[in-house]
Amino acid sequence: MLPSIRVGLGTDVHPIEAGRPCWLLCLLFDDADGCAGHSDGDVAAHALCDALLSAAGMGDIGEVFGTGLPQWRGVSGADMLRHVHSMMTAEGLRVGNAAVQVIGNRPKIGPRRAEAQRVLSGILGAPVSVSATTTDGLGLTGRGEGLAAIATALVVGDEGKG
């Protein structure tokens, strides 16, 4: 039987909230303010969740972790990814690989890129690449008002799964 191969895309954007811890890529960055949100505000983890859910045909992050679901209030991006991964494996699906790009001025990702890739790959049991870019001062990320992330994921399962 041939494997079923699916690709998903996810995005997330949050405003920055002064004084809030900055969780990004499942890492705590002490040198920047974090993002507002129902959870920890980790836009990279959220974009990855959306990409995985999309590829798996399991809806989206709002469906699974919606603000109307109090049990997910304050949840970490790492725990969200673990939950999505668990949902997928229960359906016979696995992550082939994933990529996430953070869009914003701060925090600087480069010095912790390898660490982020190790953490994310460990959670998902597959290679995860991390990149970052700025918007050259344009838009809410360029003005430092928020952070955004875009992610892709390749999901593999038995034929007919997902």
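Every residue, even glycine, has its Cβ placed from backbone N, Cα and C.
These figures come from a predicted structure and were not determined experimentally.
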According to Swiss-Prot, Asp12, Val13, His14, His38, Ser39, Asp60, Ile61, Gly62, Thr133, Thr134, Thr135, Asp136 bind 4-CDP-2-C-methyl-D-erythritol 2-phosphate; which one of Arg118, Arg143 is listed for that same site? Arg143
Name the residues of the same chain, 6+ apart in sequence, whose Cβ is under 8 Å from the Cβ of His14 (4-CDP-2-C-methyl-D-erythritol 2-phosphate binding site)? Cys35, Ala36, Gly37, Gly41, Val43, Gly146, Leu147
Rounded inter-Cα distance in Å - His38 (site 'Transition state stabilizer'), Thr133 (4-CDP-2-C-methyl-D-erythritol 2-phosphate binding site): 25
Whole-number Å only: compute the distance from the Cα of Ile61 (4-CDP-2-C-methyl-D-erythritol 2-phosphate binding site) to the Cα of Thr134 (site 'Transition state stabilizer'). 25
If you count other CB atoms within 10 A of each CB, which of His38, His46, Arg143 wins among these recorded positions? His46
In Å, how long is the longest CA to CA span across Asp12, Val13, His14, His38, Ser39, Asp60, Ile61, Gly62, Thr133, Thr134, Thr135, Asp136, Arg143, which the record gives as the 4-CDP-2-C-methyl-D-erythritol 2-phosphate binders? 30
Just jot down the residues in the same chain as Asp12 (4-CDP-2-C-methyl-D-erythritol 2-phosphate binding site), at least 6 apart in sequence, with C-beta under 8 A of its C-beta; none if empty. Val43, Ala44, His46, Ala47, Asp50, Ile61, Ala148, Ala149
